[in-house]
Structure formats: structure tokens, C-alpha cells
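Trainee: The structure is given below, and queries will be raised subsequently.
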Amino acid sequence: MTGPPTDGGTEPAQGGGPAEAARSGGTIEVAGLVVTYGSATALDHVTLSVRAGEMVALLGPNGAGKSTLANTLSGIVTPASGTARTGGRLAHIPEGRQLFPDLSVEDNLVLGGWRSRARDPSSVYDLLPRLAELRRRRAGVLSGGEQQMVAFGRALMSRPDVLVVDELSLGLAPMVTRDLAAHLVALNRERGLTVLLIEQNARLAFGVCERAYVLEAGRVVAEGPCAELAANPQVARAYLGGPIEEATP
Amino acid sequence: MREFLTYLVNGLAVGCGFALIASGLVAVHRVTGVVNFAQGMFAVVAGLSASWLLGVGLPHGVSEVAAVLIATMTGLLTGLIAIGRRGTTPQSSLIVTLGAGVLAYAVEIFVWGDQPRSFPGLPGSLTVAGVGVQRQHLLVIAATAVTFVLLSAFFGRTYLGKALSACASNPYAARVVGIDVTTMGLLAFAIGGLLGGVAGVLVTPLRPISFDSDVTLIVNGFAAAVFGALTRPVLALSGALLLGVAESLAAGYGYAAYQTEIALGLMLVIMVVQSTRRATVLEEST
Amino acid sequence: MTRLTPVAPVREAAGARPGSRIRRVLPGGVVAAVTLALPAFLDDSALTVYIFLGLAAMVTVGVSLLMGYAGQVSLGQGAFYAVGGYTAGILAVRGGPPLAGLLAAPVVAAAFAVVVGVPLLRLRGHHLAFATIATQLILLSLAGQLEFTGGDIGLQGIPRLGAGPYELGDASGYAYLTWAGVALVMLVTRNVIVSRPGRALRALATSETAAASSGVPVGRYKLVVFALSAAFAGLAGGIYAFYVGYVAPSSFPVLLSIEYIVMAVVGGLGTVWGAVVGAAAITLLVQGLNVIGTAPGMPSYAPSVLSYAVYAVVLIVVVLFLPGGLLPAVTARLRRER
């Protein structure tokens, strides 16, 4: 690991304004990353980087290896070769929320602070007041949007420098997605939280990120500023439901 | 009626022993997915240790606590070999814990010999509502109640306990937030050892224990845990009490010889009924 | 006895090249010849070991089939061994023809397996493991109380095996009988494995759901394999009863069932030869340690401590480090070196 120390245990406990939920300055550095499951190659020499304070999208179809990349970054999957480093503390909102369904919302949040040793969820409640109302409910019985909000709050509990969000919009109503995306953008703009947004919904990703990578069958097949990628006919056909000019004749 | 009450208290005390074994099984199974066949062995280790420590002159209290600590360490060691190696499936771990149980036979015979051992518990008896009750029976019941209260406070209130529950609830998510699931599994095995140890020191004064008493203990503990589908400690507790009382009544009313058949038959019926119900649920959901 | 020859490793059935066929049948033939020749060279105590080894191999082939092919863990295989032993014993003690007792042993064991298997095989994994161990404990407890099983003392004075004027008196006769039984069990198992249902069962061990969704009658196949493995154990139990001359609940401890698991796991689950190799390796190892343990100057507890330790350590090490078993690991290495 490079960059700032990943252990936040020595930090002074500060009073909980909304901004306390995130810190700034994290980076992601992935170089020549190869991940295999048995004989199948999930990631094949993937190289990408996210600078401090950037908000970058990672696009790709199902099975392209996006979640594998996220799992490798958070240390759950061990690479066969290459490196996946994060500068600063990383939090990971996994695909499908992955809450602790039998535990209360508050316990879910508090456990999110395992790495940072943060035990007080009040800064998250300030940011997402709806969670304060739900604090005693079992996470497993919440709606999809509420669960995604818990997952979001749980990730913020570790006061991350880098946030990897895997499929923010999946299975959610557009309004709920917009709401969560707005929070994400605010944390990025106001606090400089570094974000890697893994999405199938390219319209959402292009709307909030400056740059994007396109992952297909374990390889990076395109990268660049979102505006450029959106103009690329191949990318547009695959991820935006056809070239822009065809969509607006 | 008076007889009935005596058998009832006796059965509750025996059931408490099963309940402690069962709760250890549940703790390990919830966190690791492994059914720990060595759970009964922890009780045997504690019972034999306590009787040995008392024999060399340590006072009551100290001996029992030391014996429970020895059982806790044994639990940790069992966990190390059962889940310490990455990629061990729960089924392989079950067989490894079986091996750990047999390995303990060798150690136990080497250290303590192969004869049953016991030690005196609380002497004397009380008369409650006209019924004579042995003090040791009451001690077992009270100690079990305290253990269960502490256990539920630990899992429900403390941060470490919540982390253990998190591993049980969603191991992948536990790793996402940075919890080391293997370490938590080892902790669960240590807790299993502790609970088994408490069972051992409480029950040994009631019935002498020898190296191979673990089979009876684990099978009865498993039977109790099955009531709670191996995940619900409270249901496991009620299952254990039911089992203990059923065995005690059977013995009291002249069917002592059929204790095993009654207890194990009950377990088999419950498991088969549960599996039938589960199969129906699966079919409906697909 | 010549039956041993066609029993070749499972892979041979896949229809390999003609040259490799000879190369694979050849070791089987050598093993058969050695098996046949051995009793002539062994003294009585060695013959006893040889017989017990064969009996263990018979049961272990069934355990290996059950665990490796049907994916079911039975911790109560000793129960079927006991049923076989008691069946043969009871019939013989009551004056039935001993041969009928021997034939009835596997049949009754298999029938018992079907009766308990119908409800129990609904259970999976550790539930089945505990259900089978519970079955054995119940059976032993009943045998210890019922009059016709002789209670805790058991059945004494089971007559020697014989048919008409012929009586199997000496140990070498039992050795031949035992190993004929082993050959039969191996042959049956091999035929089951290469049959169409056998291949379907292989799928069952990996994924029951997948097997079920591809139209395999999962439940029936499991029951058949369960009954078959019980029949093997029953046959071994029957021979045991005639050879030893008495059976009691203490002849069939739960630890016996665990020994079979150790042997099956050591040999490699789902391999016919592996089961025999596993049974041989463990029996000989424990026997060797027994010689050391009973040597003059050793404490009285030495034999039991040594044998428990060896079972435990071998089981743990093999499960953790050689999950395929000893035989597949060794043959794989030999093949690589060739």
C-alpha cells in the first residue's frame, strides 16, 4: 500500500458534521492486473488509475470483470499477477448491496466502521436523515432504495478516502438513483472524495464522471473523457442504446 | 407428583448441560458454517481437567475456571486445524473436527487414563415447595441461565459480538467492511470451547465423565441444536431442556434403558420433518 | 477367486488404448495372485490381521462409493456391519444353516438400510452424518437390551461356517472367504460405477441440484447406493460373526464407523482400489503401532493412545493436504514422472 496510512485509528475523534463522513486524497493504481478463477481469466492485464479527488466511471457488460476488480481492490480477491493499490482508506459498496440482513440498520452502519474504528453513526445520520428513522429496523426487510442507502452509509462509516461503488443504480427507481448519485457528487465536489463508479447505466455514469474506462471480457477496451467516449459510435451503441445521432434523428 | 418434580429438576439440569454444548455448536456453526464434532470433547477435557486439578490440591472455583480456560484453548486449537487452512470446505472441516475428537482421545488417555473421573459438586440438597432438590442441580441451572444471558448480551450488545453476528449473517459483506472472517471463526471456536468447558465442569459432578463420553454429549447437543436449525440459540436451549426432561422422565418411570432411543429418535424425527418442510419451501420458491 | 483379475481401475472402462489395457489389468492380476498366495505364508496371528483387513476393505469400498459417488457422509456404517453380524449370528445360533446366515447378512443389512434410508436420505451433509451415527447408537442400545440379541453379553458360541459335511475350520479358509468377498464387492462396485446410473451418480456427488434438473432420479440412486454399501458392510459383519464366534454391542463401537471414514478418505473417495489401499494402509499401520505399543516396558495405555493418535493425525493430514486421497496422489505423481 502506498500513500496515506490506511489505519485511521490514531485520528482524533471529531464531532460529526456531514462532511466528517468522508476524507479526501485517495488514489487507485491498477497495473497489469490478472485475476483468474480456476482456468477462467476474469481480468487480463488491466491497467487503470484514478487520481485524488477524481470521479471515474468503469463501464462494461455483465461478466466483464468489473466486480472482480472491485473485490480485488478491497482485498477479497487475490490477484494472480499485477498490482491493485489504493492510496488511502478504501470503502467498497458491493454489487447487490450485501448488507447484514439479520442486523439492524444501526448495527450495519456501526460495523462499516470496523476499519476506521468509528463507532458513532451520527455523521452518517446527518448526511442521510432517513437512516436515523430506520435505525432500529432489520436491514433485510428494507426496500431496495433504503438498502442501497444503508450500504452507502455503511461505506461512509469507515471515513474513506476512496469509494468504489459497484452498480449504484441496479434495480433502483430512477428517482432513488438520482438522489444517491447527488450525494456521491456532493461528497466528491465538496470533500474531494475519490470515486470509482462501476456502472452498466452509462447515461448515469457519463452524467456524473469526468473520465471512464470500458471493460470487456476482462480487458480495458476504451478509456478517455466521458464526452469523447459518448461520441465514440461503438461505445454509444453498446452502452447508450445506439449512437446519439440515431437516437435523435 | 413429588417424584415428577424431582425428575423435572433433574432433567432440567441434564438438559442445561446439553444446552451449553448445543449453544457452542450454534456459535461455531453460525459464524463458520462448520458443525463442530469436537464440541462434546471440550466438555470432556474440562471435566477431566477439573477433576485432575482438584486432585492435585487446587481449591474449588480455581480448578473449574482453569478447566474452562483449558477447554477454551482446546477450542481455539481445534479451530486452527479445522478452518485455519484456506479453502477448507465445511464438510472437510466436519471431518477434521472428527479427527480432532479422536486425537483428544489419545491425549486424554495419555494424561488422565481411560477410567471415568468425577469430582464432588455442591453438597447437600434443598427443599423447595416440599420437593428435595440437589444443590448441584440448582447450580447447573443457575449457571446455565447466567451463561445464556451473558452470551446473548455479548452477541447483541458488544461490537465484537456484532462482528461475529455479521460473519454469520453475510460473510462476504463482513469481508467487504474489513472483518477477518477466519479470525472471527477462530474466536467462535474458542467460544465453543468455553461453552463446552462450562458444560463439562457443571455436569461432571452429576455423571462421571471418561474420554469417550464425548459421543453422547455431542449427539445430545446436536439433537438440541437441531431444534433451532443450528442457528437459533434460544430454540436450541428449549430443545435441550425438552431432551433432558424427556430422558429424565423416561429414566424415572422405568424406561432408563431406553433413554438413548427416545432422545435420538426424537432428534431424527425433528430433522426429517424439518427437511421435508425445507424441501417444500424450496419447491415453492423456484 | 479368479474374479479379482477383471477388476481394474475405474478409468480403464473408458475404453483406452489396447496397450494401456494390458498395463492396467496387469497390476490387478499381480494383486490377485499375491492375495491368493498370501494365506499359505502367514501364521495364525498374521492371518487374523489379514482377515480383518479384508473385512475393513469390504466395508470401506461401500463407504467410498457412498461418499465419493453419492456425496453422502455416513458416520454409522458400523450399524450395517452390526446388522450383518447379528443376522448371521442369530440365524446360526438358532440352528439355521450357517450358509443361509451368511447370505442373509448382506440382504438384511441392505433391507435395514432401505427402511432407515427412505426418511434419512432426505437429510444432507452434517444432518445425515449425525442421523447415521444416531442410528448406530440406537441400534447398539437396542441390541444391548433385547433378549434375542443376547443383551450386553451378546451372542456367544456362533458355530463355524460350513455347508453339509464341509466346515470352514481354520483361519486360512476364512481368509479365502473374506478376500473372495472383497473381490465380489469390488466387482459389483466397479460395475455400478461404469453403468449409466453410476455416471449419473458421479454428477450427484458434485451437484445434487444439477443432477436432479438433468432428470436423474436422485433419491432412488442415493437409496440404491446406500443399500449397496450397507450390503457390503453386512457381508463383512456376517463373516466376522462366523470367524470370531461371538457378537456383542461392544464389537461395533461408533469409533469403528469413524475408522471406515479414515480408510476411505485415506484411499481416496470414489476409487475402488483406493478403498482397499486405505483399509490396508490403516490396518497395517495400526497393527505395527500395536506391536510397538505392547512391547515390553511400554505403559499399558500405549496401544490405545498410539492407535487413536494415528487415526486422528492421518485423517486430519489427508483431509487437509491430500483431499483426493493417498492412492490418487501417488498415481498422479507416478504418471507425471513417467
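In case you wondered, yes, glycine gets a Cβ from its N, Cα and C as well.
So TrEMBL lists these for the protein:
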{"type": "TRANSMEM", "residues": "C:25-42", "note": "transmembrane segment"}
{"type": "TRANSMEM", "residues": "C:48-68", "note": "transmembrane segment"}
{"type": "TRANSMEM", "residues": "C:75-93", "note": "transmembrane segment"}
{"type": "TRANSMEM", "residues": "C:99-121", "note": "transmembrane segment"}
{"type": "TRANSMEM", "residues": "C:128-146", "note": "transmembrane segment"}
{"type": "TRANSMEM", "residues": "C:174-193", "note": "transmembrane segment"}
{"type": "TRANSMEM", "residues": "C:224-248", "note": "transmembrane segment"}
{"type": "TRANSMEM", "residues": "C:260-286", "note": "transmembrane segment"}
{"type": "TRANSMEM", "residues": "C:306-330", "note": "transmembrane segment"}
Trainee: Would you kindly check C:48-68, C:99-121, C:224-248, C:260-286, C:306-330 and say which stretch has the most C-beta pairs under 8 angstroms to the transmembrane segment (C:174-193)?
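Mentor: Checked against C:48-68, C:99-121, C:224-248, C:260-286, C:306-330; highest Cβ contact count belongs to C:48-68.
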Trainee: Under 8 Å for C-beta pairs, could you tell me which stretch among C:48-68, C:75-93, C:99-121, C:224-248, C:306-330 has the largest tally with the transmembrane segment (C:260-286)?
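Mentor: Maximum Cβ contact count belongs to C:48-68.
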Trainee: When you look at the transmembrane segment (C:48-68) alongside the transmembrane segment (C:128-146), do they share 3+ Cβ pairs under 8 Å, ignoring any pair fewer than 6 residues apart in sequence?
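Mentor: Output no: the transmembrane segment (C:128-146) is apart from the transmembrane segment (C:48-68).
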Trainee: When you scan the chain for residues with a C-beta under 8 Å from the transmembrane segment (C:48-68), skipping those not six or more beyond its ends, what do you find?
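Mentor: For the transmembrane segment (C:48-68), the far contacts come to 38-39, 42, 74, 77, 80-81, 171, 174-175, 178-179, 181-182, 185-186, 189, 192-193, 205, 225-226, 228-233, 235-236, 239-240, 243, 259-261, 263-265, 267-272, 274-276, 278-280, 282-284, 287.
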Trainee: Looking only at residues six or more beyond either end of the transmembrane segment (C:99-121), which have a C-beta under 8 A from one in the stretch?
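Mentor: Distant contacts of the transmembrane segment (C:99-121): 72, 79-81, 83-85, 87-92, 128, 131-132, 135, 161-163, 219, 222-223, 226-235, 237-239, 241-242.
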Trainee: Looking only at residues six or more beyond either end of the transmembrane segment (C:306-330), which have a C-beta under 8 A from one in the stretch?
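Mentor: For the transmembrane segment (C:306-330), the far contacts come to 258-259, 261-262, 265-269, 271, 273-274, 277-278, 281-282, 285-286, 289-290, 292-293.
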